[in-house]
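Take a look at the structure set out below.
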Amino acid sequence: MHPSLQDIRLVAFDLDGTLIDSVPDLAAAVDAMLVGQRLAPVGEAKVRDWVGNGSHKLVERALACVLGEAPDTARVTASHDGFLRAYHAAPCERTRAYPGVSEALGSLEARGIIVTLVTNKPAAFIDPILEALGLRRYFRMTLGGDSLAEKKPHPAPLLHLAAQFGVAPAQCLMVGDSRHDVEAGKRAGFRTLAVPYGYNHGEPVVSSRPDGVVESLGELV
Ligand SMILES: O=C(O)COP(=O)(O)O
Ligand SMILES: [Mg+2]
């Protein structure tokens, strides 16, 4: 067993960049929204560095890039609606689970560890994507960026999960790809484990000093 799992009773997984490579579909929806406004598409590489603070921030960053200035609130709101429509139409066309994910989730579940999910992505997208990839059944509870008043890096969603299952935060592990996951985990009193292959605004996630790093979730078990 990976040393990070000792005494762990609950694991909270991040979604985008940790369990799934979702940027192809996110970028397609961002570009559809931009092209719908006769703006230039931005492509996957840019979107990869903008994921992590939820879909509203993603849209705001895309507009700021193509407009060359901060967009006003009304424009962000209308564009966000456009993004949501496009992403709803195709949330899992080219999105794939990373290697070892299904095995790791199954093995944790088999050990009796409570498997949960906490993403900053809007909650409405969680089930369609997990179901399309055959991963939904592993999760006892999932939270999206709009499920509670606060999202990561705020510790509230993590503490909510721990409380729901009556597990002390010290016996919980946050597994994620970004500084928001590590910060939320630390603030919640969870142990933290990072994967280096995901999305972290172009910076190495080790800079956030997680308790551990695994190259692949297959190493977890
Ligand atoms: O939607 C986002 O910005 C990121 O989602 P995540 O929290 O699953 O990485
Ligand atoms: Mg992530």
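Backbone N, Cα and C define each Cβ position, glycine as well.
Marked as active site, nucleophile by TrEMBL: ASP14. What TrEMBL records for ASP14, ASP16, ASP177 is Mg(2+) binding site.
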Nonlocal neighbours by CB distance (under 8 Å) for ASP177 (Mg(2+) binding site), same chain, sequence gap 6 or more: ASP14, ASP16, GLY17, THR18, ALA194, VAL195, PRO196, TYR197, GLY198, TYR199, ASN200, VAL205
Lowest local Cβ density (other Cβ within 10 Å) among recorded positions: ASP14, ASP16: ASP16
Environment of ASP14, ASP16, ASP177, the listed Mg(2+) site - residues of the same chain whose CB lies within 8 A of the CB centroid: LEU15, GLY17, THR18, LEU19, VAL51, GLY52, THR119, GLY176, SER178, ASP181, VAL195, GLY198, TYR199
In three-state DSSP terms, the structure that ASP14 (active site, nucleophile) belongs to: coil
Secondary structure of ASP177 (Mg(2+) binding site) (DSSP, helix/strand/coil): coil
